[in-house]
Amino acid sequence: MSQLSTKHLLGIKNLTETDIQLILDTAANFKEVINRPIKKVPSLRDITIANVFFENSTRTRLSFELAEKRLSADVVNFSSSNSSVKKGETLVDTVNNILSMKVDMVVMRHSSPGAPHFLSRNVDANIINAGDGTHEHPTQALLDSFSIKEKLGDVAGKKVAIIGDILHSRVALSNIFCLQKLGAEVMVCGPITLLPKYIASLGVKVELDVKKALQWCDVANVLRIQLERQQIKYFPSLREYSLYYGINKKLLSELDKEIVIMHPGPINRGVELSSDVADSEHSIILEQVQNGVAVRMAVLYLLAGTKG
Ligand code: CP
């Protein structure tokens, strides 16, 4: 079995464990390729991919573009901020116009949860979700699990605490699905106002005390406070958040074990993570970014195999 069960990557929720393992194994092969002096392979030479971004991005957008170029695909980039979306063109019209220029696959980031799912039902191309609002960010979760496996040997049996703004996070939901399918135990931790009411129904542990979460886990995946998605105040001030939930060297030194620190980026330095932790030997944040290219190469390569 060397094919995904789906022709789109819309979320982790709909992937099987076999799909996820296939992506991680394929990514391991591509990681070896991109560490060679010649980093390029001809796998997607006849494929054209559009990166369609309706929301800001640094890591995901560059990582997909590099992954596409390393696979020898032709690449076009679309940013809604300087496009005819500003003149009122719909999402489906925009993407169908791009596809009519013989584009095969669409990587899309959008602020509306479900936008990639809607698109997959209304256009004829492989759709890859690069983050849809507060819903899912599947390639981030895949690269996070790849990075945990690389660092600790396996994901199964590991204890992963996801700490911070769970309520507004697409990374949290995709990570919960991915880690559970791979056999990890998952805890979420944050102020009660930043934890969705339904969260315990997903089978995760819930902890309000960050010290207890850090003492429990093997890996802490620390999330950004997403002020741009917050319409009301969920905590009194960033200073207060940092005092109660910020992770610093002193907190880590009080643990009776070493833990791995992850963050999907961008980091609010001094809020959820101090610089002396973000840049420390505990942190694998830049390894996560590096692994993102290999994981996205795997996703694109495997989805291209579902065409036709
Ligand atoms: N991790 C992540 O999605 O970062 P960007 O928003 O920069 O793509």
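Please read every residue number as a count from 1 along the shown chain.
Note that Cβ sites are derived from N, Cα and C of the backbone, with glycine treated the same way.
Owing to the predicted nature of the structure, the values given are computational and were not obtained by experimental measurement.
Mapped onto three states, the DSSP output places ARG59 (carbamoyl phosphate binding site) in helix. For ARG59, THR60, ARG109, HIS137, GLN140, GLY265, PRO266, the entry in TrEMBL reads carbamoyl phosphate binding site.
All chains included, 20 other C-beta atoms sit within 10 angstroms of the C-beta of ARG224 (L-aspartate binding site). The secondary structure of ARG224 (L-aspartate binding site), as reduced to three states from DSSP, is coil rather than helix or strand. As annotated by TrEMBL, L-aspartate binding site applies to LYS87, ARG170, ARG224.
What TrEMBL lists as domain 'Aspartate/ornithine carbamoyltransferase carbamoyl-P binding' is 7-150.
The domain 'Aspartate/ornithine carbamoyltransferase Asp/Orn-binding' annotation in TrEMBL covers 157-303.
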Nearest of the binding-site residues (LYS87, ARG170, ARG224) to THR60 (carbamoyl phosphate binding site) - Cα to Cα:
ARG170
Please identify, among the binding-site residues LYS87, ARG170, ARG224, the one with the smallest Cα-Cα distance to ARG109 (carbamoyl phosphate binding site).
ARG170
By CA-CA distance, flag whichever of HIS137, GLN140, GLY265, PRO266 among the binding-site residues is nearest to LYS87 (L-aspartate binding site).
HIS137
Determine how many residues of the domain 'Aspartate/ornithine carbamoyltransferase Asp/Orn-binding' (157-303) DSSP places in helix, in strand and in coil.
65 helix, 24 strand, 58 coil
Would you mind giving the whole-number mean pLDDT across the domain 'Aspartate/ornithine carbamoyltransferase Asp/Orn-binding' (157-303)?
95
Candidate with sparsest Cβ neighbourhood (10 Å radius) among ARG59, LYS87, HIS137, ARG170, the listed binding-site residues:
LYS87
What are the other residues, in sequence order, whose C-beta lies within 8 angstroms of the center of the C-beta atoms of ARG59, THR60, ARG109, HIS137, GLN140, GLY265, PRO266 at the carbamoyl phosphate site?
SER57, THR58, ALA130, GLY131, VAL171, PRO264
